[in-house]
Amino acid sequence: MHSTGLNTNQMMRQVIYALVLGVSASYVFFGWGVVIQILLGTIAALVVEATFVAMRGRQVLASISDGSAALTGILLAISIPAIAPWWVVVVGVAFAIIFGKQLYGGLGNNPFNPAMLGYAFLLISYPLQMTTWPVDFLSFSQVIDEVFNLVNFDGISGATRLDDVKTSLSLGSDIATLQVRSISQAWINIGFLVGGIYLLARKIIFWHIPVAVLSGILMMALLISIFDSQQHLPVQNHLILGGTMLGAFFIATDPVSASTTPKGRLIYGFLMGVLIVIIRAYGGYPDGIAFAVLLMNMMVPLIDQYTQPKVFGRS
Amino acid sequence: MLDQTFSGGVVIANPYPVEQVKIIQAPLPNQVVLPLQQRIGAEAKPCVEVGDRVLTGQVIAKTQDQFCVPIHASISGTVMAIDKQIIPHKSGLKSTCIRIESDGQDEWVETKGCGSDFLHCDRQTLIDYVQRSGIVGLGGAGFPSHTKLNKATGCHTLIINGTECEPGVMCDDALMQHHPREVIRGVEILLHITGAKRAIIAIEDDKQEAYQSLLMFNHNDLISLAQLPTKYTSGAEKLLIKALLDIEIPSGGFAADKGILCQNVSSTKAIFDAVIDQRPLVSRIVTITGDALTPVNVEARLGTSFEHIISLTDVNQQAHDYRMGGMMMGIDIENTQMPICKITNCIFVNNRKPKQLAKECIRCNTCNTVCPIGLLPQQLYWHAKGENIEKCMDYHLFDCIECACCSYVCPSHIDLAGYFSFAKALHKKQATDQHKTDIARDRFEFREYRLERNKQERAQMMAEKKQALKDKMAKDKEQGQVQKDKIAQAMARVNKIKEKDA
């Protein structure tokens with residue numbers, strides 16, 4: 001009754017399809033860079049996966065056809081700025097696949113979300129490239145020039161929106177004036193939200209994690225806004241800025257690295273939401289998704305241990 | 001219609017439905033092969049010899065312990081051999097069987113039951129009839145009915161299991177449609193034996209015709225009919241009790257502990273035959289289904305070969321895969337020469353297809369949601385694969401009923417239930433090995449202890465002997481001295497006397 005009737009490969013493909021809306025919204029606001037990064041990420045993921053699977057003496061075709069490597073590449077490519085130099089996504093994806101997945105024994109054995117591991121690695125290593133976003137729609141040729149470092153434009157890029165808002169707030173700007181420019185982020189988040197609802201409807205993901213993540217974010221944001229409203233974003237902005245919806249529906253729900261029990265998934269998601277807001281509000285990085293996911297990944301064995309469901313006939 | 005149910009399970013419609021659930025009588029086979037090994041208990045002991053003529057229904061092997069039922073000849077003819085044959089079992093091992101060649105007469109042994117008025121018979125006599133007629137659970141478990149009945153003291157509720165939840169199997173459905181009177185009478189006999197206050201016949205809601213026909217023949221106020229939603233694993237005894245009565249039988253406990261007795265509907269009909277006519281169980285209805293033929297129900301004599309029954313259908317000419325039992329919990333079989341036995345409720349004949357290769361588990365959680373027991377199959381799989389039995393026990397491996405719901409929904413096509421069956425076997429092996437090691441170690445340690453003790457005892461004995469010798473010598477010496485002294489004194493006296501005399 002819960003079966004999707006899909007096999008693992010088809011499930012992965014469905015997740016990729018569900019990303020289309022959010023990615024389209026991203027394209028509308030940031031231009032061709034989005035597409036280029038996804039292409040780079042996917043190709044890099046498939047090449048690295050194939051190489052490592054071959055080195056491990058496993059079946060290459062079966063491994064890359066399951067779609068998991070491509071998905072990792074796409075998720076990472078979506079998360080990084082659309083005008084990041086080409087080597088950023090390639091290095092990030094290679095790190096994600098090698099250190100996040102293959103070294104643990106491939107699909108299903110990795111304790112951490114590979115895409116977020118790659119993202120965290122990039123953010124720590126290349127903070128400048130990782131926080132510079134285009135401010136406007138960029139044409140194909142502009143993107144090619146920018147991504148492959150052929151020509152440097154001035155005035156097409158700015159800081160990541162969340163970072164930008166945080167800086168402005170700390171400098172005493174009014175929240176009301178800052179909200180106008182967040183419209184692009186809102187649309188992108190709505191795109192991913194719709195994609196996430198599609199996944200829920202197809203029963204490819206379960207409701208526990210997204211609902212828990214979003215309530216964790218809401219709860220913590222509410223607490224912060226009550227006690228410390230001047231310096232911080234209002235509650236609703238936490239839901240529409242940054243990678244909130246992408247994180248809640250596509251990244252936190254990565255089954256391999258998430259908690260596996262129904263109760264555990266609620267705890268896992270909720271704490272992740274809380275951590276996301278704490279990192280956003282008080283941390284040194286613009287967005288908290290990647291670090292919150294990795295921290296919660298570490299807690300999965302502990303959570304699973306204490307949230308086993310009741311077994312029939314046992315009290 | 002019942003609303004309440006148990007959590008988990010999967011909804012699978014009959015993959016090969018038929019318009020009319022008919023029963024075809026199979027023609028007498030040329031020979032039957034009857035295994036002496038029952039599902040549980042010791043092997044039965046043959047009481048006929050090669051060359052003997054036997055009649056249908058004659059006891060040809062006797063029980064060795066209380067769990068067993070006797071084995072009856074299912075056709076009349078001559079005993080041709082008592083030897084090892086392949087039987088339909090997961091292990092694929094051979095077992096001793098009696099082979100009877102038919103004389104085509106089907107001459108029955110004379111039997112006499114207690115007739116239609118069973119009420120004058122007491123409980124034990126009736127249970128005796130049940131045992132002597134060789135009745136076991138015909139749903140697939142094969143547990144002897146008389147053992148259950150003997151245990152059912154203080155039983156308040158009788159549940160007749162007509163759910164037949166395994167998709168594809170239709171033999172109980174056919175039986176209920178075509179023998180409703182016998183089923184109802186069988187329930188009445190069971191009520192009389194157990195003294196239960198009520199009986200519930202449980203039927204899934206996709207078997208409307210069976211439900212209607214039973215309803216028509218049921219004029220007993222103590223017997224009620226319940227319809228359950230069509231969901232797989234609702235036929236599992238404990239889950240059925242949960243759905244019908246909302247009682248959860250504790251892990252490791254039995255239905256009898258809570259005053260409940262479950263009997264399969266086909267067994268109930270067999271009990272009717274046994275008590276009224278004392279007609280032993282020599283045939284059963286088998287569903288033959290699958291995508292290679294038009295599904296039929298065949299009533300066949302026990303011991304008939306699969307091949308003989310399959311030949312009655314319009315099976316196509318392709319290469320086939322065979323499976324005995326349901327599509328979920330059944331076993332794949334290679335050899336169609338095997339005999340059908342009391343637990344053969346269904347034979348699947350499918351066109352051979354390439355097997356789905358298992359992929360890696362991505363911990364998608366689907367299996368968790370369908371497990372009717374509330375286990376975590378993916379965690380169990382992880383530990384079973386790593387052969388970490390201790391961890392498997394932490395995740396309640398032995399609560400698994402191997403219903404294979406998890407395997408059915410797994411998007412990576414992993415045979416999860418197969419891994420759990422393997423882990424259980426491994427646990428048993430480890431336990432036996434451990435037991436053997438313990439015995440060997442105990443024996444070794446005792447030997448060491450014994451040798452050491454002997455050594456000490458010997459040393460002590462030697463020391464004691466030495467001491468005794470020493471003491472004796474000392475004593476002797478002392479005594480010698482005393483003697484010497486006495487002699488000396490005597491001499492002195494003599495000398496004194498001599499001196500005086502001089």
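Cβ from N, Cα, C; glycine included.
No curator has checked TrEMBL annotations; they are predicted automatically.
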Residue from B:CYS165, B:CYS171, B:CYS262, B:CYS410 that TrEMBL also lists as binding [4Fe-4S] cluster 1 with B:CYS361, B:CYS364, B:CYS367: B:CYS410
[4Fe-4S] cluster 2 binding, same site as B:CYS400, B:CYS403, B:CYS406 - TrEMBL member from B:CYS346, B:CYS371: B:CYS371
In three-state DSSP terms, the structure that B:CYS367 ([4Fe-4S] cluster 1 binding site) belongs to: helix
Rounded Cα-Cα span from B:CYS367 ([4Fe-4S] cluster 1 binding site) to B:CYS406 ([4Fe-4S] cluster 2 binding site), Å: 4
Entry from the binding-site residues list B:CYS364, B:CYS400, B:CYS403, B:CYS406 having the most other CB atoms no farther than 10 A: B:CYS406
B:CYS371 ([4Fe-4S] cluster 2 binding site) versus binding-site residues B:CYS361, B:CYS364, B:CYS410 - nearest by Cα: B:CYS410
For B:CYS410 ([4Fe-4S] cluster 1 binding site), the number of other Cβ atoms found within 10 Å of its own Cβ: 26
Cβ atoms near B:CYS361 ([4Fe-4S] cluster 1 binding site) (within 10 Å, other residues, all chains): 23
B:CYS361, B:CYS364, B:CYS367, B:CYS410 excluded, remaining Cβ within 8 Å of their centroid ([4Fe-4S] cluster 1): B:ILE362, B:ARG363, B:ASN365, B:THR366, B:PRO377, B:GLN378, B:TYR381, B:CYS406, B:VAL409, B:PRO411, B:SER412, B:ILE414, B:LEU416
